[in-house]
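Annotated transmembrane segment per TrEMBL: B:21-45, B:57-76, B:88-111, B:123-142, B:163-180, B:200-220, in sequence order.
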């Protein structure tokens, strides 16, 4: 492309195209990287014991809890006992299968690879480990334990793995991200299901459980996994409760989460010398539980299942997080009070998500809604016979009494008397094969989930007459996928139905039963595979395409910048051909701008620097302005050395520049000190903590002072505008004063009550302020270009007219830009948390100082350097307002100011405004920046060509932020792709990526506001000029 | 830390004294020796360690380094006609707190922690930085505004004393700037604390600067000799 052919129109079209490509690529990447799965909301209830699509009236009037009730339950774990007990009885009646166990001890050994206990590929486990766990090995060989290699899905990190275990779903990232502050598991899960039937839960161990299930454990002792070097105390803190807990009978679920083994791995890897002793310790715990608790089959405690699981494995040197076999090979070991039947000897394989459905079915509670795991058949196969025996021995009434008695000795609820009447029916129904019934329940749950994932799944539509299930059919295309699932399900249910109808001759139908089993297994396995892959598989093509699109747009933007820079440079060279030879020379600050971007890109690869990004931005911007200071000093010397005609004006200009640099640096340091920020050093003292300690009166004082100073500075700056009609400026000043007064009024009167019980007045006031701010800014933008007077109207010399046009252009841009910056800061003072009012003022000061600085530096600083510096300042200020790269610092409370009914979109917009206060402020300041640059030289030379004027004034302020942002975006996207198996991908890198995406949106919005404002101003002025010449 | 604030008066009759390479080498070696001694003495005699007792150690280093540098650089003073050796030493001593103030300001602006418990650390660190950057220049140039500018604002060295002052000083500042990099990393090492790694960086930069200035002086000398021949 020839540089001279780069016209304004072309530039705009290509830039807009590049931005569109970028947004498109980003959308593709985000959708591919964070699969958004249509998950079912709410919690499973009685409906899970009916086939999907069955008449729901049947269970409408039962104790089906509404969602809000369940949320309430989540918070307080207080549900009327009557409801719970009734629920339990009802559920077990409906499930037609009595629970196989009554109590569960879930022992989680963090990071234990299944290989250590079960061996690998038919081989026994390594000898030292085998010898370290004699009791467990004896349980396995006796058949009292069934072991599984439970394959965990990446990321193999504790919290997502625990979630997968209890909910049966492979979590996406975005649903985690949108929970903002809470880490609590809000999806349906087995723990909530247990709580719903009135279980009492106890937890000792990793405090991740407490974060996931706040307030749900009646006793707990959380230990932190923070001190990785501690391998002994973490486990002793769990085991010390063991004797006491095992002697108690008041709990139904005891969770023991041992972290020591994971710590041993982190310190010394798999072959650490501490590994065998640690395994021995775990074996002792298993032995103790088994001897104390399991064989006691007495009635007040019930049958206890000990489930030993690990959340993930570990690599050879003890790390985890990725998806290698060593890391995903986690353990699931079921230890029952009696023999599990014939053991095959070879360890079974399953998925970690299978635990949720297996536990639900073992304990007779509904399967969690989003579960994608199928039941582990071996745990049931051996137990079915046992259960029938058990049922023959005990009647229903006994069961009910036992349950009611167990739940805090509550008497049999009167509501259940109706159930007794039905007991004949139940006894009959129990005759059906329980194993098939369990498979059926699991299938129904899958079918519900499949219906949500594949909206077109209506099984009646398919005729499966000539459907054959062989392996190849599973890999067929999408449209046939539905058919596959339907036909597999229909086949199984048909076989089941025919088997049930032929119940009388069942004795002879062992073979028949087997075929039903096989059909169900077929369906479950296929569906489970598909469902779990849908959540973890990343569409490689889509990701590559997205990255390629972003790369292309980044290259386009950069080449546009390069061409524009070259063109401007050559023009400047023509203008100052003799005077300034510094223009042909790369200056230190220009190099440094590029160094900053390189350093930021490199730092993205390190998780700790992503966490502590605020240090980088602050360090870099301060260094940049110190370099600028050095540069100003250089020019002072150059002048003093030349000394000849160094006018007073130029000298004061230098002092203004030095002062503004000091304002920038000092307020930047205050911003840095206001919030400690980051992750690792948040506990260190900072100004905001100190203010909060000192008390709210001081905070309020600071707030009022900030508003008053802000208003005053804006009025003074308005006066600084070169020349305008007096009446007009008075009106503009009033339009600045009035919203300022409103905000002041709001702060004094309403702020304290704004968050308590939705004060209507406060909300109304906030809404009024929004409207006034919106009206004033629109009015100023629309009116100012029409009202700024042209000077020298009488002179008809074109050059003078051009000059007048240019001055008018700059004046309008100045007033509009100042109003933008001022209104935005006012809005922030209203929305930001009270402690942030001073930082907003500092930001405003910094913006003005940057503008002053740029106004005096025409000769010796290139435009793109100044624009890039503004962008960097925006990023530094972003962190100065207390933002971090974790989602926890998003100010959710502020997002509800002035919002009456819960509107997600409005609150989201407000949240965005609060979070991106600083980058947006700096982008909006570009309008003002344009006004202070001395454009007269090329306005005159261009002879009325608006296009090239806009290109010169708008080109850099729009292209530089877009270009810088596109570099950061593409670099970080590639980093994220490379880090997809990193330990911190979900906790550090992904939240940062969301921030980068939001920054992209912010830059696009800001740039388009700036561009449209400038275009509007120049169009209006040209129109006025034309009108003027015509009237002449 | 590129803060170069100078006093704004201009004077100084320059009777420039060229430094022979031999003298330069001796001076540099004495500097190096002084630095090494300043590091070793607190460590061995008082068993002070930079990591465990940063502010005491920094103070000790400054105390040992200051006489060496001031006495040494005062020999190179530019305006020999108006300025006696004692006067040069005196202005070196005066420049010590002034330069410390400038360095402390620069470090604070760049993010050095502020607070009562950090004050002694920052103070002692800036004393050391002042010794490495400002004091030699003050001894040599006094308050000659143009010379200060030539060295610090424009980094244009014209003769061997300029190299000897400018390069180590810039080295120290740039080294300190890079030395601040590991501070936000979560390696949990004790040396990541302010001002330990910054000091290490500054000293490393200073040493590099010394070696470079030596190289430059020898190179320039050879050029000059070639020209003369």
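Here the Cβ of each residue, glycine as well, is placed from N, Cα and C on the backbone.
All annotation found in TrEMBL is predicted automatically rather than curated by experts.
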- Item | Same-chain residues near the transmembrane segment (B:88-111), Cβ under 8 Å, at least 6 residues beyond its ends | 1-3, 5, 66, 69-71, 73-74, 77, 122-123, 125-127, 129-131, 133-140, 142-143, 176-177, 180, 195, 198
- Note on the structure: Given B:57-76, B:123-142, B:163-180, B:200-220, the one sharing the most C-beta pairs under 8 Å with the transmembrane segment (B:21-45) is B:57-76
- Message: Can you tell me which parts of the same chain pack against the transmembrane segment (B:200-220), counting only residues 6+ beyond its ends and a CB-CB cutoff under 8 A?
- Response: 19, 21, 24-25, 28, 31-32, 35, 50, 128-129, 132, 157, 159-160, 163-164, 166-180, 191
- Task: For the transmembrane segment (B:163-180), could you work out the same-chain residues 6 or more beyond its ends whose Cβ comes under 8 Å from its Cβ atoms?
- Result: 1-2, 19, 24, 27-28, 31, 73, 76, 107, 110-111, 129, 132-134, 136-137, 140-141, 151-152, 155, 157, 197-210, 212-213, 216-217, 220
- Determine which residues of the chain contact the transmembrane segment (B:123-142) at the Cβ level, with the cut-off under 8 Å and only residues 6 or more beyond its ends counted. 1, 12, 54-56, 58-59, 61-62, 65-66, 69-70, 73-74, 76-79, 83, 88-89, 91-92, 94-104, 107, 148, 151-152, 161, 164-165, 168-169, 172-173, 176, 195, 198-199, 202, 206
